[in-house]
Amino acid sequence: MSRPNAPGLIDARRRGTSPGDRKRAREALRPARLRTSDLIRLGGYGLRLRPLRAVLSALGIAIGIAAMIAVVGISASSHADLDRELAKLGTNMLTVSPGKTMFGEQATLPDESVAMIKRIGPVQSATATGVVGTAHAYRNDRIPAAQTGGLSVVAAKLDLLDTVGAELSRGVWLNEATDRYPTVVLGATAAERLGTGPTVYIGGRSWVVVGVLQKVALASELDTSVITGWPAATTYLAFDGHPTTVYTRSVESQVEAVRAVLGATADPSAPSEVDVSRPSEVLSLRRATNATFTSMLLGLGSVALLVGGIGVANTMVISVLERRSEIGLRRSLGATKGQIRTQFVAESLLLSLIGGAAGALMGYLVTGSYALTQGWPTVVPPWVLAGGVGATVAIGAIAGLYPAIRASRLAPTEALAAA
Amino acid sequence: MSSVEAVVTSADADDGHAVAELVGVSKSYAGGVAALRSVDMVVEYGELLAIVGPSGSGKSTMLNLIGTLDRPSSGTVCIDGFDVATLSDRQLSALRSRRIGFVFQQFHLAAGRDALGNVADGLLYTGAGRRDREQRAEAALTRVGLGKRLTHRPYQLSGGERQRVAIARAVAGDPPLLLADEPTGNLDSVAGGGVMELLHELHQSGTTILVITHDREIADSLPRQVQMRDGQVV
């Protein structure tokens, strides 16, 4: 029979294994690179084969990322709120109160302590309140004496409001005239408990309510106080005149220096019987107690992320098993082992990135809605978003690598026979 | 019909290379099964031939070796002038991507891709750009008579049409060698006849086609038959 001769039969290349042939083979048989756009499409193609499975395994990653971002975001939002609050309140307030004597009795501050503290250079203002231990406030004269409602009667200097940063919610503050007569200003909590009557009953007489305070963040003890003028307390309630809390404001940069001398200035004869504290620190510490809770949630988040990663790996392993004939076909079409490997790693990366992006969005929304209910600003630090993306990519790569290597090692003939 | 030995001699004599050349090729699998025993065969450019034999005769092994999907245990396999034994796995992949087109009995079409996508994806590993791939895919589909079925998914096509898509995928890159493994095995006789007609047409326009089949009737309809039995050419 006659066999047709094709053009190109006489060719420079010849069968053989000389070094020259090998070089020619190297040049002629260089596999083409897969373009990035093609690679992304290949990854997406695999996911579209089994959309539900892709969604479910991306969900694992999403929950992990969402949990971590929400935890960090909520804590950051809380801190942002605290910072905002402190910026408003100022962190330069120090309070002085009597501690215990050597014998464990309640100490007292000297009457002159406020005047002495005012003489410390960087101190901008100082004022005092004194608890009237012998008197209690009642709604009216019908209330049994034991029902004090947890409120205390406190005598205050007129400059209290400016120093502690308190504001009135209604009425007026005491003045030079009213602080000599039976008039009171109620703390916010005290006002709730004593009702909205025009008078309250203290020490056997009615006192006129002239004003009510808003909540005081840096001096929350005032919230449960019924505040009278200093002279009035002395006149009507047998107040001993000893200050029980001295509030000071100092130059911001000198707060620590003032703090160091405050005890000795307030009571030079017994500096050790004086307690000095910085309410803004107390406020910070109260928020900081949430740290253990935060790290526990972070731990839970990373467990969720780990489980999500295992889910992705599982999906990829199954995908490789199911798609053996596709792998065989691609090998027959000229895909190298490396290209098969890259395809499955790309698929895994895409899967976890989708999960990560959804998780970041969910985490942001959770943070936002929680912050909204708390009245906080929504803050999600950029580093946590970057960390989330980084973790996602790492998980995708690790989870996809083993299945991808398995896919690439499949012998083409075996893979094709699997169909 | 000339004997295999004569073919080898003539190929050596004219100092060129054949599209596929097997010299003393044996293949045995783990467990000592000898699928091929010292096979010599040459396929020249422009041929249309059948490798025919009953199952177990070694014709699938021939397909795997000529398709460079597998390597021989001994002997030399040269495809388009390249000695397979000297090539790395990467180089073999590159060889397949540009020089060999496969048509399978089971079509191996991607269910989620339309006809155009399936054919275009066949060119993915040639390094062609997406636009270029789609243009060539459309041309190939037109060539196999499916110019009006570009956006049909495999499930919307008949068996014969699916195999035409697979053939379009195999010839879209204009490979020097087209390997068809039982191309009519999953088709009824009418669709199978259509596919064989298409292969003849492609052959007429210059493509070298090697059909592997157990069907004597199909083999006899081709210009040349290589008969196999028990791992040997008879």
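The backbone N, Cα and C atoms fix where each Cβ goes, and this holds for glycine too.
Remember, it's a predicted structure, so these values are computed and weren't measured experimentally.
Residues or ranges marked as region 'Disordered' by TrEMBL: A:1-27.
What TrEMBL records for A:54-76 (among others) is transmembrane segment. If one looks beyond the transmembrane segment (A:54-76) by at least 6 residues along the same chain, the residues whose Cβ comes under 8 Å of a Cβ in the stretch are 47-48, 290, 294, 297-298, 300-312, 314-315, 351-352, 354-356, 358-360, 362-364, 366-367, 370-371, 378-381, 384-385, 387-388, 391-392, 395.
Across the domain 'MacB-like periplasmic core' (A:55-253), mean pLDDT in this model comes to 85. Among the features that TrEMBL reports, domain 'MacB-like periplasmic core' is placed at A:55-253.
Per TrEMBL, transmembrane segment is recorded for A:296-321 (among others). Long-range Cβ contacts of the transmembrane segment (A:296-321) within its own chain (Cβ-Cβ under 8 Å, at least 6 residues beyond either end) map to 46, 49-50, 53-54, 56-65, 67-68, 71-72, 327, 344, 347-348, 351-352, 355, 391, 395-396, 398-400, 402-404, 406-407.
The domain 'ABC3 transporter permease C-terminal' feature in TrEMBL is assigned to A:301-411.
Residues annotated as transmembrane segment in TrEMBL: A:349-371 (among others).
Under the heading transmembrane segment, TrEMBL lists A:383-402 (among others).
DSSP states for the domain 'ABC3 transporter permease C-terminal' (A:301-411), grouped as helix (H, G, I), strand (E, B) and coil, give 97 helix, 0 strand, 14 coil.
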